[in-house]
Structures are given as C-alpha cells and as structure tokens.
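**Student:** Starting off with a structure, shown below.
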Amino acid sequence: IVWQTPANPDYIIRNGRYVRPYYFEFISHVKNRWAGKTIVDLFTDEFKGRSRDYYVHAVKCGRLQVDGQMVHTDYIVKSSQKISHFLHRHEPPVLAGDISILKNEVDVVTICKPASVPVHPCGQYRKNTVVGILQAEHGLTPLFPVHRLDRLVSGLLIFAKNADRAECFRQQIEAGLLQKEYVAKVVGVFPDGEQTVDANVNFNAREGRSTVENGKQALTRFQRICTDGTHSIVLCKPVTGRTHQIRVHLKQAGYPIANDELYLSFDIDPMCTNCPNLAPVGYDEEGLWLHCVRYTGPDWSYECPYPDWA
C-alpha cells in the first residue's frame with residue numbers, strides 16, 4: 001500500500017479555503033533514548049495524541065513503517081532508523097480571499113496576502129499556505145520570502161525567485177536599509193502628530209504573545225491618518241522587526257488594534273467558559289486589522305492597496 005502526498009492539492013472554497021484531505025508521510029529518526037522500545041511502545045509514549053490501539057492498528061496495516069518496510073507490533077527499534085507515519089491529513093481552513101499578484105518581475109514577485117493564511121508550512125498548515133497556493137495555482141516555485149507576516153495579518157509580501165536575489169535582500173535587511181509601513185485600525189482617538197514607542201519586546205513562544213518586559217530593543221513610529229471618534233486608522237513604521245512588535249507597541253501606547261483579542265484588555269470571569277478569549281468558543285476567525293502597505297529599499301519600492309476597513 002502506498003500513501004502519496006499529491007504534488008498539487010485540491011482546494012475547496014466553502015465559507016473559507018479548504019484543502020481536500022490528503023495522505024502525508026511524517027518522518028522521524030529513532031533517537032538513542034528510543035532505541036530498545038517496541039514501535040508501539042515508542043509511539044504510545046512519545047506521541048500521546050493517539051491511543052495505543054490506534055498505533056497497534058497502524059503498524060498492522062502499514063501506516064507505521066521502519067526503513068520503508070512493514071514490521072510487526074513487537075518490533076524493537078534501533079538507533080537512527082527511519083520511521084514513517086502515513087496520516088490522512090486535514091488542514092485547518094483559511095479565509096477564502098484570493099492571493100493577488102501585484103508584480104511578477106524577472107527575479108521578484110510581490111503579492112497581497114489575505115489574512116489568516118500562513119506564509120509557509122508551519123504547525124498544521126502545509127498546503128493552505130501562501131507558498132503552497134502560489135505553487136499550486138500559479139506555478140511559482142521556488143520562492144524565497146524576503147519578510148514574513150503573522151498568519152492573521154494581511155498585505156504586501158515580497159518573494160525573491162532565486163537565491164542570489166534573496167541574498168541581496170538579506171544583506172539590505174541586515175544593514176538596516178529597509179523601511180516598512182503598515183496600517184492598523186485601533187481603539188480610540190489616536191493622538192495627532194508622530195508618536196514614538198521605544199519599548200523592549202519579549203516574545204513568549206509558549207504563550208504565543210509578546211510583552212514589553214526584559215526583551216529585545218524595539219522602536220515603532222506611529223502617525224494618525226484619520227479617526228471617526230471611536231476608532232483611528234494609524235500608519236505604523238516599525239524601525240526594528242520583533243515578533244508582534246506593532247501589536248504590543250500599540251497596546252503599550254493605550255490604543256490596541258480594535259479586533260486583536262490577544263492584546264485587548266477586558267475583565268476575565270473565572271467561571272466563564274469563553275474567557276480569556278475575546279470571541280465565543282466556535283466563533284469564526286477574522287483577519288486582524290493590521291495590513292502591510294509598503295516596503296522600500298535603497299533602489300526599489302513595493303506597495304499594496306489599502307484594505308477595505310482602512
């Protein structure tokens with residue numbers, strides 16, 4: 001039996017962009033501390049997301065293989081052996097917006113990324129990514145991301161089409177020659193005139209959020225574009241590039257992004273089954289009101305149209 005990942009996935013648009021479930025080979029190599037265990041004991045102990053009965057059945061039907069061969073449930077694994085786990089993979093859906101190609105040049109392509117789509121494979125996402133969709137629907141591969149946007153952030157993304165152009169961009173980034181501009185929709189009437197937030201940013205990977213304590217130096221400049229008295233549209237110019245920098249700096253300034261449940265402050269009820277999340281359990285995800293509009297280098301500039309909410 002062969003379980004093979006399709007080269008190009010089948011996307012289904014149904015209140016979001018779905019990937020038709022497909023088979024995928026997860027590969028791991030036996031660590032020294034795993035050696036001497038049966039394959040069933042190994043997976044039961046180390047990969048607790050599934051039951052022992054599942055792993056017994058997976059070995060018997062060939063979904064768990066060692067060095068490309070089927071084995072019995074009492075098989076003792078040895079150090080450095082390759083173990084393949086064939087799974088029927090169901091990826092989370094993303095919002096159904098198209099990926100608009102802004103410019104397709106000889107060695108650079110720029111696109112407008114929809115919110116909720118990750119840039120490249122990560123976590124549960126593999127095909128439902130910007131890189132995956134551009135390859136499947138536009139034949140664009142290989143691509144080298146010049147910069148990244150959080151999954152819930154929309155806007156301009158720049159890709160180099162070859163390693164030499166990617167290296168040129170990398171050198172310009174390291175030399176501090178790039179200028180970045182975003183727009184955000186924030187709570188309240190943001191002050192007029194340029195506002196600067198100079199506060200360290202510390203990203204906690206376990207919690208998935210940043211704070212302004214004991215972190216890396218970070219600076220962002222803000223300028224109000226307009227306000228309706230309840231919300232403001234703010235131009236954001238991050239000088240540094242820390243994780244969640246704009247989001248946490250806007251919170252620090254007292255004007256968090258208006259739909260950013262990660263950094264909005266509200267009272268938490270210890271008896272509530274929805275807290276500490278802002279949206280109720282099962283609520284459909286929406287894109288963050290944060291959008292990348294422009295990247296400028298020494299001799300180039302790329303732009304993306306403003307979103308509807310701005």
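Each residue, glycine too, has its Cβ placed from N, Cα and C.
Automatic, uncurated: that is what TrEMBL annotation is.
As annotated in TrEMBL:
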- 107-251: domain 'Pseudouridine synthase RsuA/RluA-like' (DOMAIN)
- D150: active site (ACT_SITE)
**Student:** If you run through the domain 'Pseudouridine synthase RsuA/RluA-like' (107-251) with DSSP, how many residues end up as helix, strand and coil?
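**Tutor:** Once the DSSP states are binned, the domain 'Pseudouridine synthase RsuA/RluA-like' (107-251) shows 28 helix, 59 strand, 58 coil.
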**Student:** For the domain 'Pseudouridine synthase RsuA/RluA-like' (107-251), what's the model's average pLDDT?
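**Tutor:** Overall, the domain 'Pseudouridine synthase RsuA/RluA-like' (107-251) comes to a mean pLDDT of 94.
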**Student:** List, in sequence order, the same-chain residues at least six positions removed whose CB sits under 8 Å from that of D150 (active site)?
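**Tutor:** Counting only residues 6 or more apart in sequence, the Cβ neighbours of D150 (active site) under 8 Å are H244, L288, L290.
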